[in-house]
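Just below is one structure, and these are the notes that go with it.
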Amino acid sequence: MKNLFYLEDSLIPKTDSLDSVDKAPSDFQPFLQSPDVLKVVNLPTIRGQVNGLSLVVSNLERTRTEWTSRCNILSCSAHSHGESEWNLKNLFCGWVDVDLSAKGREEAVTSGQALKQAGLKFDLAFTSLLKRAHQTLDIVLREIGQTDLPVVKSWRLNERHYGGLTGLNKADAAAKYGDKQVQIWRRSYNVPPPVMEEDHPMNNVIVNNPKFSMIRKEDFPRVESLETTQRRVVAFWTEEIVPRIKERKRVLVVAHGTSLRGLVKYLEGMANIVVVMF
């Protein structure tokens, strides 16, 4: 489980990237050499990258209207949860509320240790309503010694709802619908899988989850594409996270691979055709 971090302006030189660790301050060379670090970047615009597990945004200066000032401090570190029990079983999970696997807990420990090694501290954390994200966040906060950090939970950071694919083994889904079609559903921007019908074995499990009781009926999805997932995640980012960053709060976000993928597409201004390969 690799993690992408952006460090404070004052801690790294003014360069597009730190591909050569000898450019970095000596205190950070061991951190940059760690296999848990994918890349460290310092640019005058938002940069994001997802390796399937993590996103980080920092040094905010954007032409979009919400960016009216520049933050020269670490702004946001965001990570997906580690492997869940259903990831281990190769099942489409989405809104089913499953635990982390043993490997997922180990990945969360590694992520927290990397944050600790970097000396990063936070003022506020955001996460979804799903316990695999909660468990990841709890482990990370324990590792960095901030178990009392205020946490905001929202369904709008939930993983994508996989509709009728939910609970299916991914190999079985490919055999049933064709590998090409399943890949389109998984990776495309605006092509959703089949809707979850009321007689789907996971429908009542999701709809009757008390964690979701505050979601308005008209907002409760039966299936989502990356586009519809992105819409709710970006709304939450703009309404709830951006104002905290503008207050110069150091924000930690623990969410899910697809929800973060949608956020990165927005921040990077990626074309729909590009995100298919992302």
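Including glycine, each Cβ sits where the backbone N, Cα and C put it.
TrEMBL entries are annotated by machine, without manual review.
Under the heading active site, tele-phosphohistidine intermediate, TrEMBL lists His81. Taken from TrEMBL, the feature substrate binding site covers Arg132, Glu159, Arg160, His161, Tyr162, Lys170, Arg186, Arg187. Annotation comment: TrEMBL describes Glu159 as active site, proton donor/acceptor. Taken from TrEMBL, the feature site 'Transition state stabilizer' covers His256.
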Site with most surrounding Cβ atoms, counting all protein chains shown within 10 Å, from the binding-site residues Arg160, His161, Arg186: Arg160
Length of the line joining the Cα atoms of Arg186 (substrate binding site) and His256 (site 'Transition state stabilizer'), in Å: 14
Cα separation, His256 (site 'Transition state stabilizer') to Tyr162 (substrate binding site) (Å, whole number): 13
Maximum Cα-Cα separation in Å among residues Arg132, Glu159, Arg160, His161, Tyr162, Lys170, Arg186, Arg187, which the record lists as binding substrate: 22
Integer Cα-Cα distance in angstrom, Lys170 (substrate binding site) to His256 (site 'Transition state stabilizer'): 18
Inter-residue Cα distance where the pair is His256 (site 'Transition state stabilizer') and Arg132 (substrate binding site), in Å: 9
Residue from Glu159, Arg160, His161, Arg187 whose C-alpha is spatially nearest that of His256 (site 'Transition state stabilizer'), among the binding-site residues: Glu159
Arg132 (substrate binding site), number of other Cβ atoms within 10 Å: 28
Residues satisfying Cβ distance under 8 Å from Glu159 (substrate binding site), sequence separation of at least 6: Cys93, Gly94, Trp95, Ser128, Leu130, Ala255, His256, Gly257, Thr258, Ser259
